[in-house]
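Per Swiss-Prot, the features are:
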SITE      Thr49  site 'Part of a proton relay during catalysis'
BINDING   Thr50, Ile208  pyruvate binding site
SITE      Tyr112  site 'Part of a proton relay during catalysis'
ACT_SITE  Tyr138  active site, proton donor/acceptor
ACT_SITE  Lys166  active site, schiff-base intermediate with substrate
Amino acid sequence: MAEISTARGSLVAIVTPMSDDGALDLGALRRLIDWHIEQGTDGIVIVGTTGESPTVNFDEHCLLIRTAVEQAGGRVPVIAGTGANSTSEAIALTECARAAGAQAGLSVVPYYNKPTQEGLYQHYRKIAEAVDLPLILYNVPGRTVADLANDTAVRLAEVPGIVGLKDATGNMERAADLVRRVPKGFALYSGDDASALPFMLLGGHGVISVTANVAPRLMHEMCVAAFEGNLARARECNDALLPLHSKLFVEANPIPVKWACAELGLIPPGLRLPLTPLSGGQHEVVRAAMRHAELI
């Protein structure tokens, strides 16, 4: 089991900038990565759910990974979303990430086809055996239906090349069980912003964050405070962020967070169908959460 010791803290699940017609805006992506690094973001997670991975094609997916790795230039780790509900496609995307120079692949639990726990084990083991790139598992049953059980995750933690897990269940009992059972050095990341602070206090390595798209400095400072045991500062940051954690999900992610990024002038407002722009009635809801965090 390899170790990604550098990928610790606030890792942004970065949005994919697009023009009004849905074309990729690579220039905006490069500027966005520079801004995140300036703001203290500890790592870039490219082409995940928040990056609209379901609606980019294979060539675009690889192009986005290459662009992120090139722009980051080794300043922060780049973790590439490489998951698919086809094992062969997941292998191909992971190989693309390896060739681009990403530090790791983030592979979501296969969605729609509802594999068994043994199927999940074989899927991930096959990817790890096929590609020489550290692999982080990603469990988000609210989207995938299939749920990677802790027993299966612990079993996979022993497979060479599988180095971590993003847990988006928000279940602290499950998180505590994982922290207790996985090998030392196996990286555990919260995939749920609202419970990221308790997750880290239990022993997690950080958060792969939607909220960090608009509040990177606060998310970074919260992580630093948590790791240093400065609970007063960690709570202060978390209190400022809490409305964002909920209001950035008033419609399906990444609809609200892309609107918020555009509101801050970071990106153009484009999305790809079937995602549509944030409903007008939700604009002030998200804006109020941004004001609470003193972003505007």
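Backbone N, Cα and C define each Cβ position, glycine as well.
Within the same chain, the residues at least 6 positions away from Tyr112 (site 'Part of a proton relay during catalysis') whose Cβ sits under 8 Å from its Cβ are Asn85, Thr144, Val145, listed in sequence order. Closest to Lys166 (active site, schiff-base intermediate with substrate) in space, going by CA atoms and restricting to the recorded positions Thr49, Thr50, Tyr138, Ile208, is Tyr138. If you take the Cα of Ile208 (pyruvate binding site) and the Cα of the residue listed as 'active site, proton donor/acceptor', they are about 10 angstrom apart, rounded to a whole number.
In this structure, the CA atom of Thr50 (pyruvate binding site) is 13 Å away from the CA atom of Tyr138 (active site, proton donor/acceptor).
Reduced to three states, the DSSP call for Ile208 (pyruvate binding site) is strand.
On its own chain, Tyr138 (active site, proton donor/acceptor) has Gly48, Gly83, Leu106, Ser107, Val108, Val109, Leu165, Lys166, Ala168, Gly191 as residues at least 6 apart in sequence with a Cβ closer than 8 Å to its own Cβ.
Sequence-distant contacts of Thr49 (site 'Part of a proton relay during catalysis'), defined as residues of its own chain at least six apart whose C-beta falls under 8 angstroms from its C-beta, comprise Ala13, Gly81, Val108, Val140, Arg143, Asn253, Pro254. In the shown protein chains, 26 other C-beta atoms lie within 10 A of the C-beta of Lys166 (active site, schiff-base intermediate with substrate).
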